[in-house]
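Asks: After the structure tokens below, expect a handful of questions from me.
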Amino acid sequence: MTQQIQVDLGERSYPIYIGQSLMSDSETLSRYLLKKRILIVTNETVAPLYLKQIQDTMASFGEVSSVILPDGEQFKDLTHLDSIFTALLQRNYGRDSVLVALGGGVIGDMTGFAAACYQRGVDFIQIPTTLLSQVDSSVGGKTAVNHPLGKNMIGAFYQPQIVIIDTECLQTLPAREFAAGMAEVIKYGIMWDADFFQWLENNVQALKSLDTQALVYAISRCCEIKADVVSQDETEQGVRALLNLGHTFGHAIEAEMGYGNWLHGEAVAAGTVLAAQTAKSMGLIDESIVRRIVQLFHAFDLPVTAPESMDFDSFIKHMRRDKKVLGGQIRLVLPTAIGRADVFSQVSESTLEQVICCA
């Protein structure tokens, strides 16, 4: 059964559909593609699996072209973004274009940013194929590319027309990528929904075995939370910042270790543990909460410690460039309970050094 969730943003509201075989559902896509010139953006891993299926589904609506990019976070940059613009310009695509992001978070972020920029804005559709992109990056309109000095530093808020989440894609997802997606799933439980966190603790094996009912529930709950948060705070002026739990530490790990060497979800898992340990050191939570967080990440085969090669200086140089920094102060999202988090701007660097060095 297909689930539908609405992201309520007034005239820019859009639906999220979650279910099986949705990539073959031309009826759902028809209103967004009729009389449009379609460019599918995908990568070398996803294209052999799903590109022809999507092309066949969309062929009756209009001209369909594709651009296939290399796979990996290290290619989420201005050079490869330009490949999308070149494909559009070479084919003389105009404002009647629609870009379709067929892939994980990298493809979604780059396609959305290209859509935001091309001729000052054309429509785009998200068809996320990884767990991480299904539960997080495809929803909410954050689009960006990386810079050598920082992750997601060049981008825009730009909402899709629709998000199509076909859970059958997860059957071809490598185990490491699935685990990385679970890091974001767990994050929602920590920062927003204690009951969901407990449900995850009780359903580890069902999720790891790709049980359809468990997957649909987990993805739907994450999308419900994300839609609720984005509807309240689209441009991250308030409550949306809570979705960055673990990301300040995590982005530092990704940047320092080289994009693609640590998957985003792996870095978020280790970063969230560091955030929990920081919260404990400040007296916000006790050791039992840290232990539950560590145990759940560990159950999904995720890292719970930072790279051994990273010391305090390695972290802090990246954390000072974080997008949440205001007035020169590092702002951290820290858990205050299972199911609750808050933003803290008075975290001393001495506290951070103690946590990082003792982790």
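Cβ coordinates come from backbone N, Cα and C, glycine included.
In case it's useful when we look at the structure, here is the feature table from Swiss-Prot:
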type    : residues                                         : note
BINDING : 71-76, 105-109, 129-130, Lys142, Lys151, 169-172 : NAD(+) binding site
BINDING : Glu184, His247, His264                           : Zn(2+) binding site
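Let's see these features in context: how buried, what's close, how far.
Replies: Taking all protein chains in view, 18 other C-beta atoms sit within 10 angstroms of the C-beta of Asp71 (NAD(+) binding site).
According to DSSP, His264 (Zn(2+) binding site) is assigned to a helical segment.
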Asks: My understanding is the cutoff is Cβ-Cβ under 8 Å with a sequence separation of 6 or more in the same chain; which residues meet that for Cys169 (NAD(+) binding site)?
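Replies: Residues satisfying the criterion: Met23, Tyr50, Pro128, Thr129, Thr130, Gln134.
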Asks: Just give me the nearest neighbour of His247 (Zn(2+) binding site) among the binding-site residues Gly105, Gly108, Thr172, Cα to Cα.
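Replies: Answer for the nearest of the binding-site residues: Gly105.
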Asks: Which residues, same chain and not among Glu184, His247, His264, have a CB within 8 angstroms of the centroid of the CB atoms at the recorded Zn(2+) site?
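Replies: Going along the sequence, the neighbours come out as Leu132, Asp136, Ala183, Lys187, Gly246, Gly250, Gly265, Ala267, Val268, Gly271.
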Asks: Return only the integer: C-alpha distance in Å from Gly108 (NAD(+) binding site) to Glu184 (Zn(2+) binding site).
Replies: 16
